[in-house]
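Record features (TrEMBL):
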type	residues	note
REGION	1-20	region 'Disordered'
COMPBIAS	8-20	compositional bias 'Polar residues'
DOMAIN	25-347	domain 'Kinesin motor'
BINDING	G111, Q112, T113, S114, S115, G116, K117, T118	ATP binding site
COILED	356-426	coiled coil
REGION	593-644	region 'Disordered'
REGION	657-729	region 'Disordered'
COMPBIAS	681-697	compositional bias 'Polar residues'
COMPBIAS	715-729	compositional bias 'Basic and acidic residues'
Amino acid sequence: MGMINDNVDGSTYGDNQQSNANEEKILVSIRLRPLNARELANNDVPDWECINSTTVLYKNSQPERSMLPTAYTFDKVFGSDCSTRQVYEEAAKRVALSVVSGINSSIFAYGQTSSGKTYTMCGITEYTIADIYDYIHKHTNREFVLKFSAMEIYNEAVRDLLRSDAAPLRLLDDPERGTVVEKITEVTLRDWSHLKELLSVCEAQRKIGETSLNEMSSRSHQILRLTVDSSACEFRRSENSSTLSAIVNFVDLAGSERASQTLSAGMRLKEGSHINRSLLTLGTVIRKLSKGRNGHIPYRDSKLTRILQNSLGGNARTAIICTMSPAHSHVEQSRNTLFFANCANQVSTNAHVNVMMSEKALVKQLQRELARLENQLKNLGSLSNSCDSLALKEKELLIEKMDKEIRELTQQRDQSHSRLQNLIQSAGEYQGSRSWDALSSVSEPQEKGAWFEEYSPSEASEIIDPLRLDVSSVPHFSDKSEGLNFNKHEEQFPETSEEQFLSDDTSPRMFIEKYFGPDPTQGWEKIAERLDLSNEDNCKDVQCIETDTNMSEINSETVSSPEQVNQALEYANMHHDNKTLKPTFDELEKTVDTPSDCQLVEQYPSSESELSESRSRSNSDTVSFPGKVDQGLENVNMHNDDKTLKPTVDELKETIESPIDSHPGEQYPSSDSELSESRSIGASRSRSCSEIATTMPLSPRYEMEKEEETPSIEFQKDSPLRSPEHNNRKFSELESVADGKYLHRECSEDSFESDSTDAKEESIKALGLAGMVVKSEKQFVNKRVLEAGPTSSKFKKDYNVVLVVDHDSQKSSSNWSTEFEKQRAEIIQLWDACNVPLVYRTYFFLVFRGDPSDSIYMEVELRRLSFLKTKTGKNDAASSTRTMNHEREILCKLMLKKFSRKEREALFQKWGIGLKTKKRRLQLCRRLWTDTKDMDHIKESADLVAKLVGIAELGHAQKEIVGLSFSTPQVNIRSFSWKHSTPSLV
Ligand SMILES: Nc1ncnc2c1ncn2[C@@H]1O[C@H](COP(=O)(O)OP(=O)(O)OP(=O)(O)O)[C@@H](O)[C@H]1O
């Protein structure tokens, strides 16, 4: 036969949920015995009284006991006048008789020595067995088999009470039945009288001793065990028969005792010690079980708890009857008993119906169970599959979403790049465009005002898109070729807002990337590319000049160095007319004629005669310059609709014809005849060179370049081009330089068109950049030039001076770092003067830190800012200040978002802002980038802004990523490819 444990409702054992459904508390009751003769003799008084069927009350109100509870409630309480029958009926019968239904059960008697445990348990055992037999008699349809066994645990030894030998029994752990007592005698009961005989044997076998409290004190724990098997009579011999099988334990515990009270000694003391120890373990088990089975349950600490494990929180219904002596003299033990009872009352057990099945029935049962479990497994599998497919779908959706985001971001990046390229191009071009614009008086209705209000629908994007200011400065190009339609860009550019800027979805870093591109400096590459283009076109322009002005007349002496050009241009720029923002032609002419090796003013020709003489050496000066004059006049006539911003014809004429008083220009040619002469010669000449030269804004850097320690562009000293007689520079040569020949591009005689607007613009572009890059010591001139010498014919053919930025010389020169610092300080000043957005400054500041390859950027920035400073009007300044304030407000908000309260407080302290002052964040943001002369302040400002907008990670590393750091010393502007770490020389 196999055994399956079923719940009482018939469900299969092992189902936790159903098991929990059968959870029931241990039935706990209290029985007070009457005061015994000894107690009465001692005039002891009862302290305890049962005030109802469930509550026992402590009657004595001694002050020292006032803190202890006086009333205890249990399932049942029985007073001293209650019979054992009543106790059985109300406190044990239901539990005990579960055994006939196949449910294990246990009835315990717990209490101090001499409290009436044995007295009670004897009665209950008899009543139970009597009722069992009564039940059997009433249920004739079932066949019952009763087996009896009895044991005692004496001094921690298990003894079989049905055997006369005293050999202790071993305990074994059975996986199915739990702890079993090995070789214990189990007697199948014939009848009720048979059991009575056996009970008598047990009583006789049990260790009993006399103590001062109990003449017949039980010195052991006694467990009487009755096993009840039952099966339906009709299936008794059937293969499919099943049997209910359960055990009922009658546990008469030894009584707890105090040695002092029992006057124990010797063997009794030892017994008492074992008794108390095992009872202590039982109490611990009960206490732990009462707290929800947390922690280790010390069943194995004693044989008692080990044997009764199933009854203590296990699968047996359990009833505990706690016996107490109500005598005042036993109050401590009584309270201990009540405490144990109280804990036991919290313990739950799980009762199950134990079904013994025949092998065949067991197989069938197991097959059903197997099918059920397989079914469960399938369900789990399908659930798991559905979970997997769900997760897969989620992932696919996520991938799809990310793909979409990537596409959008890529598109935005491309747009930004495209826009940036154009903007950066304009950064280099705007000077030219402005000058062209001014000279030609293009039909712009008015000057562009504030930078940021021109092209963006929202301020936020404007703030961090400072290059837009360049857009505003080159409206002239907005409807031109090469994608320079900024209005179009405006449409393509998504509107943004401060909220977007600050939103979680768009991090400041992303925002920067979105509108700046991954790195705004990437656009510089395009500058280089455009250098090529524009120079190419400039060469065409030069060829045009050649054609019109008989370049054969130009000899090597007419070649001017770029340095001179720059000096001249700067000079011109310094003395421009305030109204037109342009130098007068006279000034320019003077400048052009200024020898490079001398101070501008000092070296100018001191008289008209000198000037005339100088000019007479070459027609080129009278060819090119008047060409520009004509152009300017022509344009003025065409677009003279804005007198406030554009020079009128008269103004222009005045500008041209009247030297500025305060300027050495008084030595310049001033007669109409000279001017006419110039015009007549250069009428058909391309406009570009001179126009550019007129308005080219130059930074103070060019003044520095005059100094010897500053690398500057020069022709090779050995070259004939550098001969002393070259001091008398000719404008045509300057023109050539200005037109971009210095940049690198070889010219082709047949590759240009004269008087071309495009050529003009390209020339402007080229010149806008020419000054940025021309600087070199010992630079080489195109080999063909050098080899051929300065013969005019050869020069005409190979008019292709090549300039190289010599980073090596820069790098090797300790001057570069000094110069870099100077330039940077200068830029910082200009940023401040021009209200350049802080984010832009920060980005620039972080990216460019003194690498030799930074020089070009620094130059470009200086030029851009220099020009910007000169052109910014009051309205512009007010507007840009507003925008700047707005930017600071945004940074202020970002500070709240980016920094914790602690971090902010640290910042306030660092920046000297009182922690209790109002608008602390705004105070801090208003201090950023303000002390332009304190580099520490600037660095800290940059670091803070970078952290706020998320560009802290930028620096040289980022620059290298975009290919802006060069490992080779020399960079040929012609093949200016920023992405090549080893750019080749021409
Ligand atoms: N409810 C009761 N009514 C009358 N007499 C009782 C009652 N309970 C116990 N007694 C008597 O008290 C004495 C001690 O009882 P009993 O031996 O059952 O105590 P015990 O708790 O088993 O003691 P021990 O732990 O020492 O074995 C016995 O003489 C018993 O007849």
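Backbone N, Cα and C atoms are what each Cβ position is placed from, and that goes for glycine too.
When pLDDT values are averaged over the coiled coil (356-426), the model yields 79. Counting only same-chain residues six or more apart in sequence, the Cβ atoms lying under 8 angstroms from the Cβ of S114 (ATP binding site) belong to N36, T211, L213, N214, S217, G255, S325. DSSP gives S115 (ATP binding site) a coil state; it is part of no helix or strand.
The Cβ of T118 (ATP binding site) lies under 8 Å from the Cβ of A109, M216, S218, D252, each of which sits 6+ residues away along the same chain. Taking the centre of the Cβ atoms of G111, Q112, T113, S114, S115, G116, K117, T118 as the ATP site, the nearby residues of that chain (Cβ within 8 Å, site residues left out) are R33, A109, Y119, N214, G255, T323, S325.
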